[in-house]
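If you look up TrEMBL, you'll see 623-633 marked as compositional bias 'Polar residues'. Marked as domain 'Polysaccharide biosynthesis protein CapD-like' by TrEMBL: 293-571. Here TrEMBL flags 596-633 as region 'Disordered'. What TrEMBL records for 20-40, 52-76, 88-108, 115-135 is transmembrane segment.
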Amino acid sequence: MTATSARPRFDHLPPLARHLLLILWDSLSWVLALLGFLLVRYDFGLSNAQWNWVLLFTGIAVVLQVGAGLVTQNYLGRNRVGSFSDVGWTGVLVTGIALVIGLALSVVSMNFPRGVALTLPPLALLFMLAGRFTVRNMTDTGPRADVKDAVPALVYGAGNAGHQIAQLMRQAEEPPYRIVGFLDDDKGKARLRVHGHKVRGRGKDLAAVAEKQGAEAVIYAISRADAAHVDNVSKVCEDKGLDLIMVPPLREMVGGQVTLGSLRHLNVTDLLGRRPIKTDLTSISDYVTGKVVLVTGAGGSIGSELAVQLHRLGPKKLLLLDRDESALHGVQLDIYGNGLLDTDDIVLCDIRDTEALQAVFERHRPEVVFHAAALKHLPMLERFPLEGWRTNVLGTRNVLQAAHSVGVERFVNVSTDKAAAPTSVLGATKRLAERLTAWYANEYGVPYLSVRFGNVLGSRGSVLISFRNQIEKGGPVTVTHPDVTRYFMTIPEACELVLQAGAIGRPGDVLVLDMGQPVKILDVAKRMIAESGQDIEINFTGLRPGEKMHEVLFSNAEAGATSEHPLISEVQVPALDPVDVAAVPDGRDAVLGMITEEPTADATPADKAADEPAATDHHETETTGNDQTGLRP
């Protein structure tokens, strides 16, 4: 279907034409109503009707209707035709005319049915509203004749988001896309029309329908779809030369509403972290709402998103603790819309400072703690293991001690997949933090637990941001190894599951989030380069000390058991007495000794797997030309 064959829209006619058509239809409505009344009244024997009175009443009604409509500006564009205001004013005018007719019939002696005053106005109003409904329906549905330059597009998804897309394209002055049909995998929608547009098939019919309808783009309007489905659709679009336009995930929409500004081209995050996650808000609210909640590391990527989501749940007080004042400023802006930093719920404190931390806990007495403060960059901790020990191990011990001293009811330690069979200082220190958390849970029987997950998309220093920066500078893009894989999840997804884990976890649990399938970093890099439209080379730098070729979520000794949530598993780790931690001298050699003695079933930081390099194994190799890109995990 082409734009030139579409019906002209009523609201695109010249104003005078619109006004005259409306007046003509309302006048005709009185004539039709009176004829209908007489046909019923005289059993279709119109020869018995008093035609002189018929013509007189029709003329009076029409004059009153047009005159009142002009006086009230109902015929001069005051209200959109078919709107509630237009319908309301039309009803008021007809009611007034009915009163005039009734009064005339009561004072004038004539041989004319008195029932006309009760029957005629409602019938005329019915015709008027029918005309308005027809105009409104033609305006709001069906193809538009004025969008010849818009890109013809199929909409994949005939649900709420798809309906909003169709409505937006109807209402936009210059819509970027002209809808030529819908696709939906729900068989029950096979005969559905969405704002006048047919559902022309299912997902498997995408290529055929696009060719038949002349589509040049596909608008993906499934806000809760998973990354695997998006990937399948993107491959079809790529093969057929179709642009793939994405409706953002539901959590990214303001008020759940789609806007033209929110539509965007496919990007790599749609293929890595997008999937439906169902959380039990009731169980989360039960331990958060009305409570004093503290988040450590609140200025970081995970901590700040946790704070945003916790704020929505209505805690009695939300304490944001970090040692970075600029980061605290940023998270306060995100949550409250200001960055004054002048309220007592913004806490500048280093978790290494035992006394200062204890004072914070005693002053505010939190009931729920989310511990997200940590040093996380693997290469830095390989170079500075003592710093990792002081923050990730001693800092966690300090937070646990302070939490226990004031009777914190629930403690959630944010961990990492690198704690499973650790081969790095980062992984080993985070595993020690898990074990310390387990000791407090076991010793005191309280729900202190850890949550373990892999890489998050968009965090500071993450691979996507590093690649994007390298691409913007023209390359090269650096990838450690052609075969390296990583798990990925978006920050909001991870935080939703952290909150859910806090609701279902038992004392001492390590809850492991289902990260989906591991992703080959090289594939991600290639796609990002392709998106940029540039020809950028990829350099392979070799795995760094402590890095794994493939991350795991469980060590060989950890048998993951299912939990109450399908995307969360639980394992147990051996408890570590904080007394043993306190006995370690604050020196590099002693700390490294403690870290390398950390038992795992697979490997230790000192004993790398055969395909994972030691510090002396780093030799740089290069690939050049069009072998498009790789990612650094």
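Using the three backbone atoms N, Cα and C, a Cβ is placed for every residue, glycine included.
Just going by CB pairs under 8 A, the stretch in 52-76, 88-108, 115-135 that sits most against the transmembrane segment (20-40) is 115-135. Across the residues of the domain 'Polysaccharide biosynthesis protein CapD-like' (293-571), the predicted structure has a mean pLDDT of 92.
With a cut-off of 8 Å between Cβ atoms, the residues of this chain six or more beyond the transmembrane segment (52-76) that come close are 19, 22-23, 26-27, 30-31, 34, 38, 86, 89-90, 93-94, 96-97, 100-101, 104, 110-112, 116, 120, 124. Same-chain residues lying 6+ beyond the ends of the transmembrane segment (88-108) with a Cβ under 8 Å from its Cβ atoms: 26, 57, 60-61, 64-65, 68-69, 72, 74, 78-79, 114, 116-118, 120-122, 124-125, 128-129, 132.
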